[in-house]
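As C-alpha cells, the structure follows; a few thoughts come after it.
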Amino acid sequence: MKAYLELMQHVLDHGTDKADRTGTGTRSVFGYQMRFDLAQGFPLLTTKKLHLRSIVHELLWFLAGDTNIRYLKDNGVRIWDEWADENGDLGPVYGYQWRSWPAPDGRHIDQISGLLDMIRRNPDSRRLIVSAWNPALVDDMALPPCHCLFQFYVADGKLSCQLYQRSADVFLGVPFNIASYALLTLMVAQVTGLQPGEFVHTFGDAHLYSNHFEQARLQLQREPRALPVMKLNPVVTDLFAFRFEDFTLEGYDPHPHIKAEVSV
C-alpha cells in the first residue's frame, strides 16, 4: 500500500492550506490517482489496523438500497451516526441513488441491477457507470456523496473499477473507500463470471484535516506489510445475496490502530 502513503506524503508536502465546511481546516490537493492490482492482494491498509466489519456492512447496506442507520447500528457499525436524524434517517444518500434513482417520469432506476445486466450482455460498453450525485436531491442528503461516481471496464476476462471521489478525507475515509470499492469489484467479478482486474482511485479534492497531521506523520514512519487475501463464498452468484459471513480475510497483519477525530 505504498501508493496510499505516497498520497499522504504528497498532500503534506504539496497541499494548500484551506478552510473547510467543518471549520477544522485542511491541507488539500486537487487531482490525484492511485492504482491497485487486485491480483496482488486485497488493498486493506497495513500501516494501521482497519475495522473490516464496518467496511463490509456499509457496502452491503449500500447495495440493499438502505438509507437508515438501523442495520448498521444493529451490526456494531457507527460510522454514519453523526449525520443521521433522530429516526436514523440520512435522506436519499448512496443506497437510494444506487438502487432507486428517481426518473422524471416517475420511474425509479436500479443502477446496480442495470450495471450487472450490461456487464453480462455488453462487457465492452463504455456506459458501465453508477452515479450517486443527483443534483436535484443533494440538499436533501445528510451528507452529499463523497465517492460519487464509479465505472467498470472489462478486458481480457478481467473486471476493473474506477472511482471518482470529489472529496476525500485522506487519513480516515480513503482507506475505507479503497477497501470498499475493491471488495465491490471482487463481488461483481464473481457474479458476472470475470476475474478481478484493477481498482483505480481518482480524486478531486484530496485533503488531510489539520488535526490529522500528527497521525499521518506517524503512519508514514511505518513500513507496509504484505497484503491480505479476501476470499468470497464461491457459491454466491447473486450480488444482492451476499452476507457478512460470505467474506473471509486471510493473512491480515497490520500495525496498531491510530486514533483520529472525525470532522462533521
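A Cβ is built for glycine as well, from the same backbone N, Cα and C atoms used for every other residue.
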Asp156, Asp169: which one does Swiss-Prot list with His51, Ser263 for the (6R)-5,10-methylene-5,6,7,8-tetrahydrofolate site?
Asp169
Those recorded positions of His51, Cys146, Ser263 having Cα within 10 angstroms of Arg21 (dUMP binding site):
Ser263
Could you tell me which three-state DSSP class Tyr209 (dUMP binding site) falls into?
strand
Between the Cα atoms of Cys146 (active site, nucleophile) and His207 (dUMP binding site), find the distance and write it as a whole number of Å.
12
